[in-house]
Amino acid sequence: MLDFFAVITKGGLVLWYFQDVAQQLKTSIDAINALIRNVVLQERGGMDIYTHGNLALKQQLDNEFDLLFVAVYQNILQLSYVDKFLSDVQREFRERYRDDLKEGLYYKIIASGDFQEDYRRILHAAEAQTQLVKAEVKKPRSFHESAKSTKTVSSMIVRGGDREQQRQQQQAAAAKKAAKKEGKETRVEELEPEEDEEDEEEVAETNVLVNGGEIELSSAIETEKKAEDELDEETMRRNREKLFNKRAGPKTPKMDKAKSPKAKGKKGKEATVWDLCGQDSKSLDYSSKGGSGNATQSSLRPDFLPDQSQIGTLSGNLRGMDIPAEKETQKKSSQGGVFSMFRGLVGGKTLTEADLDPVLEKLKDHLIGKNVAAEIAGKLCQSVGKKLEGKVLGTFEGITTTVRNTLTESLVQLLTPKRRLDILRDVVEAKKTGRPYTMAFCGVNGVGKSTNLAKITFWLVENEFRVLIAACDTFRAGAVEQLRTHMHHLNALHPPERHNGQVMVQLFEQGYGKDAAEIARHAIDFSRKNGFDVVLIDTAGRMQDNEPLMRALAKLILVNEPDLTLFVGEALVGNEAVDQLVKFNRALANHSTSNNPQIIDGILLTKFDTIDDKVGAAISMTYITGQPIVFVGTGQTYTDLRNLDAKAVVHALMK
């Protein structure tokens, strides 16, 4: 039974709705608002079912009249008729109010309100059809109805009256084989087809004759063997000659090693040329500045560190990525590539599912080739198909421009944050209330959590904020020492004398093997007492299937309630990104004891400089979580930190 049904325009006007008496109106409205906010506005129309609390929602778009049909029901119910019911209601509503919808006279539809009887009729018909399907008992087929009944024992038994007929068949087969033997001398090359025919006849002639308990075996096999033995020696000699001549072909002479082209100009191994990020090798050689000594210890001393001019600055808001030339990109993409096949469809027609299916299939392959997860690529194409189905193209409007613009708009809308996220402003607001702003970093092993934490620390220090790093990775050997090294480097770049004697970066650690949640809690208390503005919590890398570590992460977030929980993921992953994010969010929700568990708030995408135009991981991660990509790591220095530019990513994806 449906709890709520509504027909809404894309402008947000409710034309008609139905409410079940058992369901509160406010709960259904909240669920529909969440659907519009998280699915419709974010272009995630490929989702089959959207859940909100204990409610499940399904939607149907009408692109001709810009209508949205939404059905709301309890998610514990398995209603198989909802899809067909939505289509039937859509068709009936369109036919009844077609003229008013064309003219935009929505007030007449709202004032009439006479669609309830049709709605109940369609709903009862759908429910009755479902009950009939459930009540239908599928009985197993009887033996006589099955294919095995035709293969009985009697079909393989030859009765006594048929013995004479069987003998005649055997004699005819023997005479046929004798004739074939005479023709083998003139048709040596056609032995294989004859052998196939002989095999078929051999199978047919091995029947068992049953008569009064006597069993006679057919002598066809013996006859065939005798015919083969009588093959004359001349034919066998010619066959052997042919086989020998075929095998003994002309041999290619071996190439002289002295004349080999590889032996002429053999070169040694060339030295690798490393990219020094615009710096020469002398500026990166610190060994000449301090003489000999332990390298690990000297690397912690400020005398052996580059100055600020070599690193660069990150003051103010982070800049975005470089955007390619829009006109040039569109020109190239219109000349060829995946969109070249769209030219076959012309304007001035209503797009149907049959028109869009082959185009969207090619588009799906293109997205998968750009590292978008296969499941997400399918849902994106499904969303674009639903958005374009029923759309009437203008006279001078081609399918190429229509599909490209629709997909581009959907992807840009998907990557655009649905809420304001200004970390610098949030830090200032938290500072006014006398508490530190806390950020927790989580993710799988080896994605670069500690390195990018140091980049964010450098950015915050450049903006005059004091940062406390909480070393909550008590599992990996060397994790605390890695953060301590970053602390020394950052304090050397921003010494206390430049900040009124204040140490800008400090590490809070309590060794290995301790409870990470307690270390984070003590770090937050320490920062509050000592005037730190931001606390960055570094956690251990963990695979999404490791239940004990996922439970420990959920405890850390539940106890300390960070202002921002960042998932650190690689830009290199494809389908794995979906599995990681889904299981991280599920673990944080399942292992939390709160009624409103805190899940991932944002994404930090690392190694973005290694993927060229295969930027599909950004699409996959944003689609799954609905959360924005807050930071993008683009290199190995402290300044290689950027804001995600949605247009740049989409242009690279559509290239």
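Even glycines carry a Cβ here, placed using N, Cα and C.
Heads up, TrEMBL stuff is auto-annotated, nobody curated it.
Now, the feature entries from TrEMBL:
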type: COMPBIAS; residues: 139-148; note: compositional bias 'Basic and acidic residues'
type: COMPBIAS; residues: 167-176; note: compositional bias 'Low complexity'
type: COMPBIAS; residues: 180-190; note: compositional bias 'Basic and acidic residues'
type: COMPBIAS; residues: 191-204; note: compositional bias 'Acidic residues'
type: COMPBIAS; residues: 222-244; note: compositional bias 'Basic and acidic residues'
type: COMPBIAS; residues: 307-316; note: compositional bias 'Polar residues'
type: DOMAIN; residues: 628-641; note: domain 'SRP54-type proteins GTP-binding'
type: REGION; residues: 139-320; note: region 'Disordered'
- Helix, strand, coil: count each for the residues of the compositional bias 'Low complexity' (167-176), based on DSSP. 10 helix, 0 strand, 0 coil
- Query: Per DSSP, what is the residue tally for the domain 'SRP54-type proteins GTP-binding' (628-641) in helix, strand and coil?
  - Reply: 0 helix, 6 strand, 8 coil
- When pLDDT is averaged across the domain 'SRP54-type proteins GTP-binding' (628-641), the result is 90
